[in-house]
């Protein structure tokens, strides 16, 4: 008989891969001038943040699904605001990249995420510069450079936007670890959106007012409520699915699922968006980068297991001393 927990775990993984792929393809379709033609990435991101913040507010304050954490002004100013700023920046830059480069190439560039996270962690002092990890990061970087060289429709602006978004997201992840853990705060997806989404919305207002509001006044922009509602709903569901997968399996499993999702997205994007052309050099470069990513994940798993074993041995020693 099939184990129910086993089935649920793989069902959550399937939902995560489906939603993650769906949101990326949906955003590309909405923003692309060749399709829905809504070339306003900041506006789209603000719609996501506004919708997510409103849903989180109702879940926390009205329906009381979860309780809000003890949030002081100091914690909000020193933790929530900087994390929200980098979260907003990563979404803004990432969505803007869809206007300039293909989904397939974006997924290949995202292989740089471990490199960016490692560098930001070293800068912030949460990780040490190690030879084995550094060589992995070098392998990933070489793979991405080869993949970029093989890109037929290479666009400097789109690449800069995507890479900047990756580093902003990496800094957000490191800051979340450094700032929130130091304060002893743990935020689930609902409370995270409750505090971070409204703040991110405010941060995005300034670039929206300067960059996109003037275009909206002079350009005929089509607005379809159901398209934007369903798009925001998918983005919200993706946030919840990540929490379910991590809670059911762990962060390592979601990394492996992310690698699988990237391959599926690269294949799907070439079918849905015919202008996305993949070359042999693209695949070779991405395969090299992927080897580096998988080796990095393996090293991280080993580090976690080693730290667990050392903590268990320390506990055993304390227990023996106590018994003596």
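Including glycine, each Cβ sits where the backbone N, Cα and C put it.
Copied over from TrEMBL, here are the features:
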- 11-297: domain 'Sugar phosphate transporter' (DOMAIN)
- 7-26: transmembrane segment (TRANSMEM)
- 38-63: transmembrane segment (TRANSMEM)
- 75-93: transmembrane segment (TRANSMEM)
- 99-121: transmembrane segment (TRANSMEM)
- 133-154: transmembrane segment (TRANSMEM)
- 160-180: transmembrane segment (TRANSMEM)
- 192-211: transmembrane segment (TRANSMEM)
- 223-245: transmembrane segment (TRANSMEM)
- 252-273: transmembrane segment (TRANSMEM)
- 279-299: transmembrane segment (TRANSMEM)
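Here the transmembrane segment (133-154) does not lie next to the transmembrane segment (192-211) in space: the count of CB pairs under 8 Å, restricted to residues six or more apart, is fewer than 3. Outside the transmembrane segment (279-299), and at least 6 residues removed from its termini, the chain residues within Cβ reach (under 8 Å) are 104-105, 108, 111-112, 114, 118, 132-133, 136-152, 252, 255-256, 259, 266.
Within the same chain, the transmembrane segment (223-245) packs against the transmembrane segment (7-26): three or more Cβ pairs sit under 8 Å, each pair at least 6 residues apart. Only sequence-distant pairs (6 or more apart) were considered; of these, at least three Cβ pairs between the transmembrane segment (75-93) and the transmembrane segment (38-63) are under 8 A, so the stretches are in contact. Stretch with the largest number of CB pairs closer than 8 A to the transmembrane segment (192-211), among 7-26, 38-63, 99-121, 160-180: 38-63.
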